[in-house]
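Here the structure comes first, spelled out in structure tokens, and everything after it is commentary.
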Amino acid sequence: MSMKYLMLLFAAMIIRSFADSGNAIETTLPEITNATTDIPAIRLCGPEGDGYCLHGDCIHARDIDGMYCRCSHGYTGIRCQHVVLVDYQRSENPNTTTSYIPSPGIVLVLVGIIIITCCSLSVYRFTRRTKLPIQDMVVP
């Protein structure tokens with residue numbers, strides 16, 4: 001947005017706030033025409049941008065002077081010169097999620113720890129409930 005448009009919008013908000021508070025002010029705002037509506041926000045560079053981007057498209061932004069690169073998937077950098085490592089690439093579909101499945105060995109170790117803990121707790125509770133010393137439980 002241009003600065004003139006923002007200033008007119010701000011002035012209209014102030015005028016509306018005065019009108020809502022009971023201080024009626026009548027004014028007419030000038031018609032705003034935007035000459036840049038015919039120019040797309042982003043357009044391709046053309047022949048002068050051939051070879052500027054190594055792995056992507058050369059573009060011109062309407063509000064910023066200069067050539068910029070829109071990198072292809074898997075590349076990054078000012079001129080798309082760096083390869084993104086496969087481990088760090090984001091999916092093209094933002095709705096996909098990556099799930100990590102633990103190895104069976106880790107699952108077995110965790111289940112074993114849980115079983116040993118449960119058995120130890122049950123023996124501890126049994127000895128507290130019966131209040132028998134461990135030596136008395138052993139038959140000579």
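Cβ atoms are placed via backbone N, Cα and C, with glycine included.
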Between CYS45, CYS71, work out which one Swiss-Prot annotates as bonded to CYS58 by a disulfide.
CYS45
Quick one: of CYS45, CYS53, CYS58, CYS69, CYS80, which of the disulfide-bonded residues has the smallest count of other CB atoms within 10 A?
CYS45
On the 0 to 100 scale, where does the mean pLDDT of the topological domain 'Cytoplasmic' (122-140) fall?
71
